[in-house]
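Following this message is one structure expressed as structure tokens.
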């Protein structure tokens, strides 16, 4: 599996997103320019220029016409995917951390960071069909959780909002009333900041990654903890394979703690786990900084990772990957599969 | 806070009692002492709480000196002067703190006096230092703490037979050796937990034996034969052991104990502490206690300043090289010794006193070591007088103190002694100056202790200028390994003290070139060795078979800091301890270098295998077993197979269960997903498709005019 190295960003990557068809890959980085790439060959299509700060998150509409980006410049911008034109800019009083289109793309979920005494918020805005009629009014604003909310996403049928962040608690909110419906258990839940949250293809379950060196799989409707994947590194990013029963989690020693020059020291590996057996099945090395973003192509035949090193690595799986039998892997508990096992 | 009495209340009660408050002089009222009429004054509270005065609890700072000369009044002052002179050296005597009672009839002194110091510590020190002090032949001081008198007074005059308690059988402290699967135990310390595990290679994981939070305050240590686990606390040390769970067997009180050491036969425990002096100009005070492990009785204590214990050696706590007392004479725990300035003091454990009541004088001695099996001391004395008197290594027999062998060495810069663990050989690594004295080169002096007259052989490496990185004897064997070389990839050589051709001479077996190794770990059973590259080499491991002179396997435990063989030589543990922030945990390997399992633990401090006592089998019996190994191994191989089958079955079942549980989830989700389908379509304004495959691929050709340039092309008709 020879990855395609996509060098387009000048600063650490923050987020990666495929469109529904899986032909386009959107990347966000701490440089101010979200970028769109051909997801097949890694060719750069263009950038969306206008942000004046690190871009933390993006989402693309189901029909791949609209892109929404949240940035540290305290704005959330709506773009025309094809032309790169800015359609609208929502202004906030604090940096926007995560954005997510609802089912139907009529609503968007935005979280803002605590800033200058302001608490963090989760806000819902309506997206007008015609950008000229776009309003900046919030339909719903939720305040409450302490600290940054790193990710918020829609629950099934837009009925709930799932949020997680610095206080390590995963919460489910009612979209109508803004009331807190469920909270993850302090004992069994994450112990440290939740850094990432990724939904399954059908939205029935989701995966959270945390600095407590684990990733956890939850039922999106009942917030039942289903699985835990334990690794040796703080987790910055995670994704669920839409095709096989695999999850991939990435992270690494925090950049400020990297002291050795040997890149093995930081374990900047994207690790594959068997979703059901919770066993590590392999790892993909390559980045020389922590992995900040991971995304599976919706067809499940490739995935991409974005690192603190500023690179996006696009991996197309070898045919062998699809034949990995979890049983021998599980039996050979002593030794796990390595990168070589993925190479034909 | 005290209850506040309002002035209105006072006035009210005054009127009730018919007292005109204005006519009362409040200052003239004198309350009886200690009476507050239920009204607490806050002033007093503050006084008591904020400034707790140093109370003199008892008379701990007073000593009683007995056996003084009895003197008439005219000599009284002279005697008092002498006493003051002696005792003021030790600490500050309080003003009027010396009181020498006088017989009212004869006006002569009574032969004792009281001295009051500022602090109990000084008093304690004075007792230690001057008890037994010889003023002259007939006056040997007997010094006691005043507080102790009470204790001595209570001793009953008549002897009573000690009550003999009925014998209660203790636990079997060797229970762990009777494990059916012949597994070994190890202890780990991670975070605040201390845990003892079985190493279970068949299950590919450790099995918990006992776990306890805050079991120790600094570290844990097994006794040399594995019977006890010692923990170290602020108040002292404790040993634990027993059949199934670890019960506390004995406590050894020693405040602020820092280091502990067992005698090789684990009969005695030596504890060490270093105390901040009360006077900052003084040196630290050292206290070393030697306890009997089974009874808990303090056998002997040594106290003194750091200078008395520091041997100039580097490392250890505040200039002390630990262990201060080195045990010798094999497993009988007969002798222990320590080095002082120009002396070696050898004690024997029958009476806990010096052998022959005096130390051995050895001018300028800088290092000594015991043979691991015999009461033989090896001493090293460096060059004296600018090279006029050569350096020497000598072997001394204890208790006779006869010199068995001596070797003079010239232009020596440093020496290090390595004993083979059966006491058969001693290797002395000698660093010598070159002629220019600018650099050094290294050679070895090899002593054959068990042969007649102890022949010595000199060994120099092929390249004498090579730096020696590490040296290690094969346990119970006749071979040794040396890592030598200056570069980043040193060489490793193996030598044998006897080969078939040359029984009496050392010969080289092989040299491995350019290895990433800086440490040697022989299997306790010999034959196999792990060549390890720790620190700079990031944990490279090579498992080497010295019989066959071949590498069995190579491996890596990234960032490994510690390596330890299990006591049987079957498994190797490699660990990353908390000196590194990341990667903390340990790996277990087979002797041949197959990784069995890995355990990660944050804040991993210690990994120690539980030692085993030496085998009770005779050498012949061991040989017989080795010969008929196949017969014995059959049974175990069958067991192994059974276990592995069982494990497979267990795994299969577990996997099946997990899969079933997961399928349940998926079925539920699918059902819900289907139920919500209509709603989803509504949300999407009638777009039906949920699935990826249902969309229609339309090929749209978009033509974009990127640029238009007009050019006049000259069409030359003439060329045709």
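Note: Cβ is positioned from N, Cα and C throughout, glycine not excepted.
Sharing the features that TrEMBL gives for it:
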- A:6-47: repeat 'WD' (REPEAT)
- A:48-89: repeat 'WD' (REPEAT)
- A:142-183: repeat 'WD' (REPEAT)
- A:187-228: repeat 'WD' (REPEAT)
- A:284-314: repeat 'WD' (REPEAT)
Between the repeat 'WD' (A:187-228) and the stretches A:6-47, A:48-89, A:284-314, work out which stretch tops the count of Cβ pairs under 8 Å.
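Result: A:284-314.
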Across the repeat 'WD' (A:142-183), what is the average pLDDT of the model, as a whole number?
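Average per-residue pLDDT within the repeat 'WD' (A:142-183): 91.
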Taking DSSP states H, G and I as helix and E and B as strand, how many residues of the repeat 'WD' (A:284-314) are helix, strand and coil?
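Helix, strand, coil within the repeat 'WD' (A:284-314): 0 helix, 17 strand, 14 coil.
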As a quick check of your reading of DSSP, tell me how many residues in the repeat 'WD' (A:187-228) are helical, how many are strand and how many are coil.
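Going through the repeat 'WD' (A:187-228) residue by residue, I get 0 helix, 22 strand, 20 coil.
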